[in-house]
Protein chains: 2
Amino acid sequence: MSNNHFHVSDLGEKKLIKRIINKLDNYESSTGKKFFKHNIGDDAALININNWKNTKNAKRTLNNKDNDERYLVASSDLLIQSKHFPKQMSYFQMGQKAITVNVSDLAAMGSNPIGILISLAVPTDLKLTYFDEIIDGILDICYKYKIPLIGGDTNEADEIIISGTALGIVDTNNTLKKSGFSNGDYIAVTGEIGLASLGFEILKEENYKIIKNELKKGKIDQKIVDLAIEKALNPTAKINEGKILGKFASSATDITDGLNSELHELHESNNQTNKLDNLGLRIYENKLAKMPNFNGIVIISKILNKNPLDIILNIGEDFEILFTSNMDKNKIKNYYKEKYSNKNFDFYIIGDINETNNVEIEYLNGKIEKLTLKGYEHFNRKIND
Amino acid sequence: MSNNHFHVSDLGEKKLIKRIINKLDNYESSTGKKFFKHNIGDDAALININNWKNTKNAKRTLNNKDNDERYLVASSDLLIQSKHFPKQMSYFQMGQKAITVNVSDLAAMGSNPIGILISLAVPTDLKLTYFDEIIDGILDICYKYKIPLIGGDTNEADEIIISGTALGIVDTNNTLKKSGFSNGDYIAVTGEIGLASLGFEILKEENYKIIKNELKKGKIDQKIVDLAIEKALNPTAKINEGKILGKFASSATDITDGLNSELHELHESNNQTNKLDNLGLRIYENKLAKMPNFNGIVIISKILNKNPLDIILNIGEDFEILFTSNMDKNKIKNYYKEKYSNKNFDFYIIGDINETNNVEIEYLNGKIEKLTLKGYEHFNRKIND
């Protein structure tokens, strides 16, 4: 596609990234060197750090165990005020979210955070107190995730732009990738999905009025409205869950772009890695319906003239981890409990791996349909996706 | 300064970064943990990676040499079209510059590049061919610097924003920092300074007309005009020079914000590290005047009604490395020649370290004056600066 009349919007996010990866391929074949491609991978870049030290002799001398080998994990995400921060989001929350989106990618790789760099651009006429609030939000959540702020820069811009790069470290054996699942594995998510995207809908000015009205009439539950808004404005990265899943999951990714899109990511990634198998992914509406707030999401979506499954499947922003595994659920939960002083890890099994080579959903009425990629496009993709 | 009426413009770049670092300090003292500060340092963040492997036993068993110890180096820089790219800059050059500004920070630490992540935001109506040109520029210069593109993301924005994070690795012994010089060390730069900033002046519409007129009249040299524009549009990071300086320099930083500003950075950083010494930095106009294009810069600056020393000292964008050393110049040049197949490393000695505790300049007439921070402010500072 070299036609001069095309614009980036004609391709959309995924094709733009594919275009970049193709260019990397071309560079490699023209130079005859595997220079770029070997590092382009998953939710985050993986860099083999085992050769950084002069350990050639060490390896011969020592009885090295496999789990001595580690990767450096690196992931970048850029947020722009007008695109990623709803008007109701406080400056403190903007700072928090910029860290969370980056840490979430580390979580999806099963890695331990080691540091984050933030490039912060703000308008020159931004009030100093707001600047302070952004920084306070950044530091507050960095401390929560135990990820030190190690660098960055400041810039002036017409609106607030926060770009982050999170660095982590992970044992080679515990690295979560998008490929690797087997027939019969279950598909699960680390938390309820759909709430954050519902929250963004509720926060839209025209919708907020409708919701307030319905609340007055007692037709919807204040609790779920509050929860949805909370999830939209205060997302949390599942860093501890990711670390545990590194030991138990067969594949994983974080759900920033919607469950549907990420199911396709897993499918495509697995297809590329294991070209001969016919593995497919099926999710079940009746399993989604067991999530505690499913009915609430359905009711409010309908009030807002939205398809509830579209809210749940196609929007994202939940920052939960989608993963596959064949390990007993209680075993994982107990391991988590032991490791994190009796805290609960309530994940939801929503589907399974089959041999249809499709990404599909079974509706409540038993009908099975292929899930196609549609709806809301973030136009925010990672080269590593 | 908690007054609600202040804006970020009232503080300026340096004070904003100090404000962030103070907040890190407050966080640390309130939690009692050295969580953030120990990693906030220099041109780039330094992360000790020697404890990443289970090498406790290895260390006991092996006769580890000091130079087995290495740092991971990480640096972020964000560029915004309307602030950092002159109108005459091609899309290819924008991609190149975004990589160069990040790699330059690695160079200033003496490190070897291992990978770079790029977050690219573009308007949805950007022509696809222009998008391609940006990517081609990125890949072209990545290949030149031998730094693989390992990740990143794409976004939509109202103008082009390119945020990068460069990762490198450096032997602990060869790490270049801003502090560390001694009385009597010379001060040097890895290349001529002032040309890039002159180039940016020439590229301003109103100035370009004047220059074209003077060229017609034969009053100025076409070569220097071309060179200045080339330096402004095609800056190069001195990555090999940085690696060699890691062995020979006592301190270093890259000159993005102007020589004057960076001399103060070295002074301040050294003062903080070695509180008891009174080391100062003095540069000499007669040494600056020995740079091959000094006279040309003076002539053109005056035609444009600019103070030539302001162009040379206060603007920057040359991406040269400012360093101090007491090593014989020829020894360094010969070492470079051997290492890089007979290529030349022509650096310029412009001053020396004394015990005045000042940053000062000796003019051609012998008058010595303190250099104060003034002029052009990028409002683009690194936490690591």
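Cβ atoms are placed via backbone N, Cα and C, with glycine included.
According to TrEMBL, the domain 'PurM-like N-terminal' annotation covers A:41-170.
Residues annotated as Mg(2+) 4 binding site in TrEMBL: A:Asp43, A:Ser75, A:Asp105. A:Asp43 (Mg(2+) 4 binding site) falls outside any helix or strand according to DSSP and counts as coil.
What TrEMBL lists as Mg(2+) 3 binding site is A:Asp43, A:Asp105, A:Asp254. A:Asp254 (Mg(2+) 3 binding site) falls within a strand segment according to DSSP.
Secondary structure at A:Asp77 (Mg(2+) 1 binding site), taken from DSSP and collapsed to helix, strand or coil, is strand. Annotation source TrEMBL lists Mg(2+) 1 binding site at A:Ser76, A:Asp77, A:Asp153.
What TrEMBL lists as Mg(2+) 2 binding site is A:Asp77, A:Asp105. All protein chains shown were included, and the count of other CB atoms within 10 Å of the CB of A:Asp105 (Mg(2+) 4 binding site) stands at 33.
TrEMBL lists A:His84, A:Glu317, A:Tyr376 with the feature substrate binding site. For the recorded site, A:His84 (substrate binding site), the DSSP three-state label reads helix.
A:Asp153 (Mg(2+) 1 binding site) falls within a strand segment according to DSSP. The Cβ of A:Asp153 (Mg(2+) 1 binding site) lies under 8 Å from the Cβ of A:Ser119, A:Leu120, each of which sits 6+ residues away along the same chain. For A:Gly152, A:Asp153, A:Lys178, A:Thr256, the entry in TrEMBL reads ATP binding site.
If you look up TrEMBL, you'll see A:Asp257 marked as Mg(2+) 5 binding site.
Of all the binding-site residues listed here (A:Ser75, A:His84, A:Gly152, A:Lys178), A:His84 has the Cα closest to the Cα of A:Asp257 (Mg(2+) 5 binding site). A:Glu317 (substrate binding site) falls within neither a helix nor a strand when secondary structure is assigned with DSSP, and so counts as coil. Summary for the binding-site residues A:Asp43, A:Asp257: the Cβ-based neighbour count within 10 Å is maximal at A:Asp43. Within 10 Å of the C-beta atom of A:Asp77 (Mg(2+) 1 binding site) sit 29 other C-beta atoms, taking all shown protein chains into account. If you take the Cα of A:His84 (substrate binding site) and the Cα of A:Asp77 (Mg(2+) 1 binding site), they are about 11 angstrom apart, rounded to a whole number.
By the criterion of other Cβ atoms within 10 Å of the residue's own Cβ, the least surrounded of the binding-site residues A:Ser75, A:Ser76, A:Thr256 is A:Thr256. Among the binding-site residues A:Asp43, A:Ser75, A:Gly152, the ones whose Cβ sits under 8 Å from a Cβ of chain B are, in sequence order, A:Ser75, A:Gly152. Considering only the binding-site residues A:His84, A:Lys178, the Cβ with the fewest other Cβ atoms within 10 Å is that of A:His84. The shortest Cα-Cα distance from A:Ser75 (Mg(2+) 4 binding site) to any of the binding-site residues (A:Lys178, A:Asp254, A:Glu317) is found for A:Asp254.
Relative to A:Lys178 (ATP binding site), the binding-site residues A:Ser76, A:Asp105, A:Glu317 all have Cα atoms farther than 10 Å away.
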